[in-house]
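Data block below; observations after.
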Amino acid sequence: MLKAVILIGGPQKGTRFRPLSFEVPKPLFPVAGVPMLQHHIEACSKLPNMKEILLIGFYQPNEELNRFLSCAQQDFKISIRYLQEYAALGTGGGIYHFRDQILSGGPDAFFVMNADVCSEFPLPEMLDFQKEHGDTYSFVILGTTANRKQSLNYGCIVENEQTDEVLHYVEKPGTFVSDIINCGIYLFTPEIFQHIGSVFQKNQQEMLLEEQSNGWHRAEVIRLEQDIFTALAGQGKLYVYKTDRFWSQIKSAGSAIYASRLYLNQYHKTHPERLATNTEGGAKTRGNVYIHPTANIDPTAVLGPNVSIGTGVTIGAGVRVRESIILHGATLQDHSCVLNSIVGWESTIGKWARVEGTPSDPNPNDPYAKIDSETLFRDGKLTPSITILGCNVNIPSEVIILNSIVLPHKDLNRSFKNQIIL
């Protein structure tokens, strides 16, 4: 029997995803037409022995989360529960705090995955890989190859090339350690809790010595990467399964468009029915496009490649949309143009207006390049990135919004370039 745990974080996390995370918890943001988390849940539900999926985070239970959970349970016919942490306990602290719920029913193994990654989720391959190593005490990290420079932004894994054992693990090293990076997807057996428990006890001893008033809470904050993997490396217990299939983090809003492209591409294999096709009297599409059935699109509009159109969106005559996500209820009036942008819920773009951003894609000439997490400002200037309109933004006719971030509920009256409009 298997279980899966998805770590969804909380409202203090995902700040780089603002202003989109103001309206909806980041894990529920739609990527390729469905909430980010749904891709994880679907991959888990396809495993034959999967009995339960647990979401762990510190969001207050809210209507959106509850609605998503009840819909997902019906769609995937699997038990899905949300366990709320009382505070941010770290990637290891959360699963240790809820260890009784994870272990109830006696699972042989369980997956732990971060919500903010997009991947093909090679979960069956990870299970086979663990069986090949034949040791029920072994734990598996999903790894992939990055280029030397970008590897410094991730957890780096030094492996034994013959056995795939993790010999050394360093989280975000200061100098180059290895080009194999941690993908944030793990396969554990219940024995992992012994290792987390010993770190917890060690933390408690240190707290007692320090005589801190909030020592109990601090002892429970445990990070899988720094506290557990670093200690387990080289002990014959930790292995890395390397994948060459697509994988990316979804940290910034710009990376959501890139993740959307990867998932839309995957739909050819997994969900061809989700991809729009050119039909007589329908909108013209180029490349991979997702259109929600409730969207109203003029047949003279041209969409794609890499576009997803949400519920109740209205798109007028002669509109051009490319490399963008258009969210619920937005209106794109006649002859407007949207490139490399995310248009927020219920926003309106006037006639002949142009909303354009700069793509933050990985270097296409480097097969191992990952998406860069650019800082918001460089040399005192806003780094060019995709344009984001928060919810309920009104763009008047015939203006240009370029490389800008517009916070919710703004009525603009002129063009803007390289600005954050508060």
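From the backbone N, Cα and C atoms, a Cβ is placed for every residue, glycine too.
Listed features, source Swiss-Prot:
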type	residues	note
BINDING	E85, Q249	GDP-alpha-D-mannose binding site
REGION	2-253	region 'Substrate-binding domain'
REGION	275-422	region 'Hexapeptide repeat domain'
REGION	358-386	region 'C-loop'
Residues satisfying Cβ distance under 8 Å from E85 (GDP-alpha-D-mannose binding site), sequence separation of at least 6: G10, I56, G57, F58, G93, G94, H97
Averaged pLDDT score, the region 'Substrate-binding domain' (2-253): 87
Q249 (GDP-alpha-D-mannose binding site) CB neighbourhood, other CB atoms within 10 A: 20
E85 (GDP-alpha-D-mannose binding site): secondary structure state under DSSP, collapsed to three categories: coil
Helix-strand-coil residue split for the region 'Hexapeptide repeat domain' (275-422), DSSP-based: 0 helix, 53 strand, 95 coil
